[in-house]
Amino acid sequence: MIEVVAELSRGPVFLAGEALECVVTVTNPLPPTATSASSEALAWASAQIHCQFHASESRVALPPPDSSQPDVQPDSQTVFLPHRGERGQCILSTPPKILFCDLRLDPGESKSYSYSEVLPTEGPPSFRGQSVKYVYKLTIGCQRVNSPITLLRVPLRVLVLTGLQDVHFPQDEAVAPSSPFLEEDDSGKKDSWLAELAGERLMAATSCRSLHLYNISDGRGKVGTFGIFKSVYRLGEDVVGTLNLGEGTVACLQFSVSLQTEERVQPEYQRRRGTGVAPSVSHVTHARHQESCLHTTRTSFSLPIPLCSTPGFCTAIVSLKWRLHFEFVTSREPGLVLLPPLEQPEPATWTGPEQVPVDTFSWDLPIKVLPTSPTLVSYAAPGPSTSSITI
Amino acid sequence: MYTLLSGLYKYMFQKDEYCILILGLDNAGKTTFLEQSKTRFNKNYKGMSLSKITTTVGLNIGTVDVGKARLMFWDLGGQEELQSLWDKYYAECHGVIYVIDSTDEERLSESKEAFEKVVSSEALDGVPILVLANKQDVETCLSIPDIKTAFSDCTCKIGRRDCLTQACSALTGKGVREGIEWMVKCVVRNVHRPPRQRDIT
């Protein structure tokens, strides 16, 4: 019996382009003094990172996979296929790296090996949506001589920092300058340099503050003004907005604002059927604020962006976008009807009307959500950093 | 009478089974050769997408029937670290196919060194070796005489065994059938390594 343990030193969340580091420890757990002690042998171990793509058949119409040309030996137990037994298709994988060959372990002996691989930048982020899923794993294959290959799977979460190309970097803003020492020493600190660069870009993109005001109107007049300081956020940040209802000519009784993602299958891959068409667009609400606001002059809300959610992205098959979804309930009556009369010649009891004719309307404001530090995400959602298997 | 008929049945339908190792550096085209062989010799085998072949770690197994012989191909990973495992399969094999990338002139000496270790092993004494100069579909590839010159150091080590150098393209299939038919003839007549006999079940 041999025990194989894989440990991700920094947690299971990574930014595409970063190096993933994993320590694999192989142990013969028998105590050295055991009477039945014998050494154990392994032929080889290899590690590979891969991304599995799975699409809901009721929503996504994929081109039929070449059934006449299947994958080479998809179920083989003698060749290392990291996606063996996995659902969906493998859309991205790194080359296999051999950890060791011809390993012999005496009773009680342990050996550790280090695996390091840069996560490809051309892949999608990890995502578990309604229509599609992108799931990343590090898979370690081990084989004894003349035995099937045993697979040890380590789940990963990959964040992708794309979309920065269309974000305008503020020229005048004073953003923390990068350290010249880090830039010059490329080889030694390439990883921290990348993390630093990503951090700087995220800071620059999300720190641009200028008040954006939106007039909120329905068919009969102005309801109020919505103010928001940022349109680009990072995971974990709060979306803060203010509503000014004091100057409106239409009374607003109630409003709600939801932080949502919209998952949309690209037109060429949408499933179209005559009856029972599954929607190619689905929405998920991550946070919500609801308020009764009759007589409210000014109010604000704060909606947290969960660290476990997925930043916006776009692939050939699916896109994910973030937005603030507002719903307003407005009164059809002039505002004064809802107030007690100003002059009361004699004492009397006034009650509000039992029924008020209302209108509702909604409004969507798109925002952009970018990744944040993978270390921070690892802390917030502690997934397993250690996986093990016994051969 | 039953015993006689049973024996006759077994004699008519039994297949002699031979294990053939496919060796060579990584990216030489060993797995592509294996897939092409299965396509050409097995009527019911569905072709696969040759573009989907990636680096082999472990062992690809394929079976091919040629006449009364059944070839069990063992396609081993060719990465440098994995070559130390090759000799674990020598004792059980009946033939070796060594695949060379004819377009990779830079690694030709590396391939020769690996080949030298193969033919030097006593566990492979008398075992026929088919050398495939692969990727001959590429215009700029090395010719057979060029490759033979690069491998000339190994000639004395081949010794008393069948050896053939064959031009081939695993991608297009050229040279694959000829190579395998030659190998079948050699392993069948090699009395020093009798086949494993299996009844068809």
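For all residues, glycine too, the Cβ spot is worked out from N, Cα and C.
Taking Cβ-Cβ distances under 8 Å and a sequence gap of 6 or more within the same chain, the neighbours of B:Leu76 (GTP binding site) are B:Leu21, B:Ile22, B:Leu23, B:Lys30, B:Thr56, B:Leu59, B:Leu82, B:Leu85, B:Trp86, B:Tyr89. Per Swiss-Prot, the feature GTP binding site maps to B:24-31, B:75-79, B:134-137.
Sequence annotations record features per position, and here Swiss-Prot assigns N-acetylmethionine to B:Met1.
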Students should find that the binding-site residues B:Gly24, B:Lys30, B:Leu76, B:Gln79 with a Cβ under 8 Å from chain A are B:Gln79
For B:Asn27 (GTP binding site), which residues of its chain lie six or more apart in sequence with Cβ-Cβ distance below 8 Å? B:Thr55, B:Gly78, B:Asp101, B:Asp104
In sequence order, what residues of the same chain, 6+ apart, have a Cβ less than 8 Å from the Cβ of B:Gln136 (GTP binding site)? B:Ser102, B:Ala167, B:Cys168, B:Ser169, B:Lys174, B:Gly175
Under a criterion of Cβ-Cβ distance under 8 Å and sequence separation of at least 6, what residues of the same chain contact B:Gln79 (GTP binding site)? B:Asp26, B:Thr55, B:Val57
